[in-house]
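Participant: Questions regarding the structure given below will be posed in turn.
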């Protein structure tokens, strides 16, 4: 017979989808090298932008989906944003109807791919070769996922490699929402592509590239994650390791309350991202982390002063790390369920 813990975990996974069954989102704005560019509403009218417009705010489902590279029906954009090696690129995520991003569970990852043989405003990207420049998961000490900062209204900033060769590139920034990630096929992928033109005298080229689809599997431990609601469990990022172009002090996280975090990954590479809310915060130094997983997958942790939730226990009343968008009604349902389980 299944344990009470497994029943509660299943209920958590099922209930996590209920309050936002139709609430998804997209990248609504990017700031590249200080210049702001608005994105187009999915399926809406089209204005000049370097962000490739998608047809729906719904997530891409299935790691083998043909739209994994830039999102559903992603269209070539008319603009190419000017950037330099080491430029900062800030992404604003929005939910449907102008609401905040609705999810708070799962990693953020960023890739780049050269627009081979042409400019990005003419490049279809189906055959693009991608290299990873950033990945971030949970905060330090069993805290929240960094995605919580995006749900709180924050933005996310990555730093482009400082030695990257000049040319046109796509920046593929994605959120993988794992509120249903306890079941195979439950992960929701939200990829977004922004077109940039990098100048300068850099000569760096990536030593490893991947394709989308192809870089992930629905059974990868960081995509099908039975411990997604256990903050004490290590997380294994899907996809390739960070590119050889990424190095140095580059991992910070700023939250709504001005908290900061950073992470250092295996091989000395560090994520380049910064999640920023309404209150600016400084940059903290990378910290060593450990974890387990596939070769090439990098565990990460951060240092954010967000309020942490207690780890699940199986003694006494069941406790669980509820997604923050759980309503009182759903929590009451779970409590009633727990009472019933203990009566068995």
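Every residue gets a Cβ built from N, Cα and C, even glycine.
Features from Swiss-Prot:
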{"type": "SIGNAL", "residues": "1-23", "note": "signal peptide"}
{"type": "BINDING", "residues": "24, 190", "note": "Cu(2+) binding site"}
{"type": "DISULFID", "residues": "70-193", "note": "disulfide bond"}
{"type": "BINDING", "residues": "179", "note": "O2 binding site"}
{"type": "CARBOHYD", "residues": "201", "note": "N-linked glycosylation site"}
{"type": "CARBOHYD", "residues": "207", "note": "N-linked glycosylation site"}
{"type": "REGION", "residues": "240-321", "note": "region 'Disordered'"}
{"type": "COMPBIAS", "residues": "259-292", "note": "compositional bias 'Low complexity'"}
{"type": "CARBOHYD", "residues": "317", "note": "N-linked glycosylation site"}
Participant: Long-range same-chain neighbours of residue 207 (N-linked glycosylation site), Cβ under 8 Å, sequence gap at least 6?
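Facilitator: 243, 244 - these are the non-local Cβ neighbours of residue 207 (N-linked glycosylation site), listed in sequence order.
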Participant: When a 10 Å sphere is centred on the Cβ of residue 24 (Cu(2+) binding site), how many other Cβ atoms does it contain?
Facilitator: 19
Participant: Quick check: of the recorded positions listed here (24, 179, 201), which one has the Cα closest to that of residue 193 (disulfide bond)?
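Facilitator: If we rank 24, 179, 201 by Cα distance to residue 193 (disulfide bond), first place goes to 24.
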Participant: Among the binding-site residues 24, 179, 190, report those whose Cα falls within 10 Å of that of residue 70 (disulfide bond); none is a fine answer.
Facilitator: 190
Participant: Test of understanding: give the count of other CB atoms lying within 10 angstroms of the CB of residue 70 (disulfide bond).
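Facilitator: Step by step: centre on the Cβ of residue 70 (disulfide bond), count other Cβ atoms within 10 Å, giving 28.
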Participant: Using the alpha carbons only, what distance in Å do you get between residue 24 (Cu(2+) binding site) and the residue listed as 'O2 binding site' once rounded?
Facilitator: 12
Participant: When you measure from the Cβ of residue 193 (disulfide bond), how many other Cβ atoms are you left with inside 10 Å?
Facilitator: 27
